[in-house]
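See structure below.
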Amino acid sequence: MGKQSNYVSRQPDENGIIAWSGEENAVWHDLVERQLKHIPGKACDEYMHGLDLLNLPHDRIPQLHEINEVLQETTGWQVAQVPALIPFDEFFRLLANKQFPVATFIRTREEFDYLQEPDIFHEIFGHCPLLTNPAFAHFTHQYGKLGLNATPKERVYLARLYWFTVEFGLLQTKDGLRIYGGGILSSPGETEYAISSDKPERKPLVPLDALRTPYRIDIMQPIYYTIESTDRLFEIADLDIMALVREAMELGLFEPKFPPKPKTDAA
Ligand SMILES: [Fe+2]
């Protein structure tokens, strides 16, 4: 979502294959192996099931067609190769067509722990397991269709609902808190913090409230919204979300629970 990126997406050849370098594959390997140590008992069952289905390689970055075979069979979604940054119109157009944009670059070692741009590890390891889940897939599709037809100002509100579900959503299950948000699941630090820390607030998701909650992308979240099961996403998708957006715009934003962004912000 940044304005600029130093990363450039790798281009596939005529067969759709990307020739990742040894170092890029090694970064993927290290990211996957590290994160697999953090998610047991923290990621939700639906995520773990999707991860099983995807059967991601550890020693190399997967090719998009491998992901597509699994998504096609489960929910009919696809991943789409895109540049490091794409316009909002394109983002929503892809989601509205059940195509999840994946920028085909991977972070450097210098940004191993944190980067602002969503790289292929975030998109595939963070989001694709849940894209095998019908409720999550339906919600994401619905969001894309709404966003495609929304005004720029409405999109800013819509983006908050996406943020507090697809990116940073938690489940409150009978076994305890679990993660389904891909922004958390691709970050070891936030995986621990979101579940184990007593710092953040955790509240049942009220869609109107989420639409009104400001967020910062570059800090651990001060608030998470929970749902009881991913099936709740079916119900949310079927609400009149744009009516809620208009209501949120009238009511305005809640006070931020975070300090203003400092001038220099090392992550
Ligand atoms: Fe994401």
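Each Cβ is built from the backbone N, Cα and C atoms, and glycine gets one as well.
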Per TrEMBL, member of GLU90, GLU110, GLU154, GLU167 binding Fe cation alongside HIS122, HIS127: GLU167
Among HIS122, HIS127 [binding-site residues], residue with fewest other Cβ within 10 Å: HIS122
Proximal but sequence-remote residues of the same chain as GLU167 (Fe cation binding site) (Cβ under 8 Å, at least 6 apart): GLY181, GLY182, GLY183, ILE184
CB-centroid shell, 8 A cutoff, Fe cation site HIS122, HIS127, GLU167, site residues removed: PRO118, GLU123, GLY126, VAL166, GLY181, GLY182, GLY183, LEU185, SER186
